[in-house]
Amino acid sequence: MKAIILAGGHSVRFGKTKAFAEVNGETFYSRVIKTLESTNMFNEIIISTNAQLATQFKYPNVVIDDENHNDKGPLAGIYTIMKQHPEEELFFVVSVDTPMITGKAVSTLYQFLVSHLIENHLDVAAFKEDGRFIPTIAFYSPNALGAITKALHSDNYSFKNVYHELSTDYLDVRDVDAPSYWYKNINYQHDLDALIQKL
């Protein structure tokens, strides 16, 4: 099982590259890597990013998005790594701007996936908040690759397009025993300021 850290965004709203922003002196991407490593669930943790940022990560396992799908958002990162690892049975996806994700959240979602896998033939297990799904904290089966490829070849790179074609189930973020901010995206500087005040 592989983990994909999505870190190829342009971070326009934040004002600088979010992957290298810090919480308590630790970069977002380093925090996420450390959390994923702590679960002992993954045989490989891969950072998915663009050519401009790739050399800035102090981490050996960085993959640049497929050149045919530059600037097509997070789906391009998932597509690129799935294509490179056709033998893999499962991929966990997390965005780099979710620095407070916990190992407990990852393992809880995995247990949810396993318990529903046979009965529902799930392709995707994701979290949801107030009925809104969070596609960038989710497990994806390789079966999702076809729908992702189709979306990338269309003019609509949204996860909704992909999810409509797949067997998907959701776990509520409140079902995780963790601080309420564990799944929050940091989109703006004031989001980070608010988070730091809570810590």
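Glycine is no exception: its Cβ is also placed from the backbone N, Cα and C atoms.
The GTP binding site feature in Swiss-Prot is assigned to Leu6, Ala7, Gly8, Lys18, Asp65, Asp97. In sequence order, Ala7, Gly9, Ser11, Phe28, Val96, Asp97, Ile186 make up the list of same-chain residues 6 or more apart from Lys18 (GTP binding site) whose Cβ falls under 8 Å from its Cβ.
Positions annotated as Mg(2+) binding site by Swiss-Prot: Asp97. When secondary structure is read from DSSP and collapsed to three states, Asp97 (GTP binding site) falls in the coil class.
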Original post:
Relative to the Cβ of Gly8 (GTP binding site), which residues of the same chain, six or more apart in sequence, are found under 8 Å away?
Top reply: Ser48, Thr49, Asn50, Leu53, Asp65, Pro74, Ala76, Gly77
Original post:
For Leu6 (GTP binding site), what is the secondary structure state per DSSP, taken as helix, strand or coil?
Top reply: strand
